[in-house]
Every structure is written in structure tokens, then in C-alpha cells.
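What follows is a single structure, written as C-alpha cells, with notes after it.
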């Protein structure tokens, strides 16, 4: 069964909740660094800081990550596959030293952040929708890395 309109709607509505509060971007990177402290150096806006500090670059990158997952949901619903809009995304991930376990860490951080942003609207269906959309994006990035 393909990605449904309902799943796309769930991702879209929770994406809006995420965007409304900049503290969710800080939470996202805090979770990543709790799970993979060595990943700090992969992010230019974090590598010289003592911890996760809110900044315009951090906000922009978090919105870009979550936005790409949202775009993946739209693509999955429309065509059943994710095609990267940024052709250099694979090369960027290779340059930063991203490997498979990093995708797992980011997925976990993304889901925990969306759970927090969604509050009482969080559900198993919402989690699955974000998981499937993220997995589609991760697969497309990994393909671009090979």
C-alpha cells in the first residue's frame, strides 16, 4: 500500500506545529548529540560551540531537514518515490562523513521532536507517516551517496 493522503496530511499538520516553535530545532540537535556526540563536528553551526545553541543557521538547517521529510511525504503520496531536489545532497553527506548509523540517529531525533511538537495529537499513525517519509528521503540520499 502506498503513502496515503491521510499520512501526507498528518505530516503536513505536524510540520506546521514544528515550525511554530524554534525551541524544537534546539531539541532536535540536542537529541542527535546525546545519541552521537561525535556528530557535532558534522554541523558547522555546532562544531565550535559548547553545546546546542540556538542560532539562525541551526534554525534554518532544522527547518530544511524537516521540510525535506515533509516534501518526501508529498512526493510519496503523489508518485510513490522520493526524488532529491538538491543534486549535491549525496556529495555533501559523503563530505561530512555520514554513514548508515547516522541516519538512524537522525530518524530517532526527528520522531522524538515531532512527538514533542505534536503534543496530544501524537499517535501511532502520525509516527508511521513520519517514519515512512523519512525512510524515503534517507533511501534517496543514500542512493545519491553511492
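Glycine is treated like the rest: Cβ placed from N, Cα and C.
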Swiss-Prot heme b site partner of 93, 96, selected from 17, 23, 25, 44: 44
Any further residue of that chain within 8 Å (Cβ to the Cβ centroid of 44, 93, 96) of the recorded heme b site: 42, 43, 92, 95, 97, 98
Between residue 24 (nitrated tyrosine) and residue 61 (O2 binding site), the C-alpha gap once rounded to whole angstrom: 12
Residue 29 (nitrated tyrosine) and residue 44 (heme b binding site), Cα-Cα, nearest whole angstrom: 12
Residue 29 (nitrated tyrosine) versus binding-site residues 61, 93, 96 - nearest by Cα: 61
